[in-house]
Amino acid sequence: MVKFASVVALVAPLAAAAPQEIPNIVGGTSASAGDFPFIVSISRNGGPWCGGSLLNANTVLTAAHCVSGYAQSGFQIRAGSLSRTSGGITSSLSSVRVHPSYSGNNNDLAILKLSTSIPSGGNIGYARLAASGSDPVAGSSATVAGWGATSEGGSSTPVNLLKVTVPIVSRATCRAQYGTSAITNQMFCAGVSSGGKDSCQGDSGGPIVDSSNTLIGAVSWGNGCARPNYSGVYASVGALRSFIDTYA
């Protein structure tokens, strides 16, 4: 399922209150100021929707499924706050660009341009991107953050930011879980085989970072939330850097 905020499908992307089910953080802990200075919350028509990462003063990276097919005018982002409902700086969008090869769950990234510039400083910073062509190493630790649901099918989403650390899962293992064709080289997987820790509805588009706090991916999709033997699936920044660099 996708991981924006809503409940409809079981295998799709991860956003908030929409026609597809999207993940929140399951099995996580509260984030502290400064943990993710580049994270933004994305609301749609005033309600929780997705997450994203601030790349510079005018640009946010999120999942394509968070914005594809929806009116640009309905979106607002909030930066510089652990709360998705107050504090920080807000901006509407001036433009949306979805990856030109976005299809199904593949190439699931979009670039959002902001109507209001957001300077760095205080609790706000810009994401450091994984190198072009890089691929997260299986077994290494990664941390994902968001305001999504804390359980699969959960009807409420947290106001304050949560985070959870999970290991990178090899592409071979992830393909065994989902099927060879479902997991492309533009994706990577992370999760605990026993379940209990994952992104969930409402976390879509939000950041997953490596141990150096480098942005390696965006929350994309999965089979439910935190189920045993089903990893969370992420759009790969390293594999999709050319798109990001062209439009950021």
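We count from 1, first residue shown onward.
Keep in mind that glycine also has a Cβ here, set from the backbone N, Cα and C atoms.
On a predicted model such as this, the values are computed, not experimentally measured, just so you know.
Per Swiss-Prot, the feature signal peptide maps to 1-17; the stated evidence is sequence analysis.
Taken from Swiss-Prot, the feature domain 'Peptidase S1' applies to 25-248, supported by sequence analysis.
Among the features that Swiss-Prot reports, disulfide bond is placed at C50-C66 (among others). For C50 (disulfide bond), the number of other Cβ atoms no farther than 10 Å from its own Cβ, over all displayed protein chains, is 37.
If you look up Swiss-Prot, you'll see H65 (among others) marked as active site, charge relay system. Mapped onto three states, the DSSP output places H65 (active site, charge relay system) in helix.
Annotated active site, charge relay system per Swiss-Prot: D108 (among others), in sequence order. Cβ neighbour count for D108 (active site, charge relay system) (all protein chains, 10 Å cutoff from its Cβ): 34.
In the three-state DSSP reading, C189 (disulfide bond) counts as strand. A 10 Å cutoff on Cβ-Cβ distances gives C189 (disulfide bond) a total of 26 other Cβ atoms nearby, all chains included. If you look up Swiss-Prot, you'll see C174-C189 (among others) marked as disulfide bond.
Annotation source Swiss-Prot lists site 'Required for specificity' at D198.
Sequence annotations record features per position, and here Swiss-Prot assigns disulfide bond to C200-C225 (among others). The Cβ neighbour count for C200 (disulfide bond), using a 10 Å radius over every protein chain in view, is 35.
Within 10 Å of the C-beta of S204 (active site, charge relay system) there are 41 other C-beta atoms, taking all protein chains into account. Swiss-Prot lists S204 (among others) with the feature active site, charge relay system.
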Pairwise CA distance, C50 (disulfide bond) versus C174 (disulfide bond), rounded so that it is a whole Å: 24
Site with most surrounding Cβ atoms, counting all protein chains shown within 10 Å, from the disulfide-bonded residues C66, C174: C66
DSSP three-state assignment (helix, strand or coil) for C174 (disulfide bond): helix
Surrounding CB atoms that lie within 10 Å of the CB of C225 (disulfide bond), all protein chains: 32
Model confidence over the domain 'Peptidase S1' (25-248), averaged pLDDT: 93
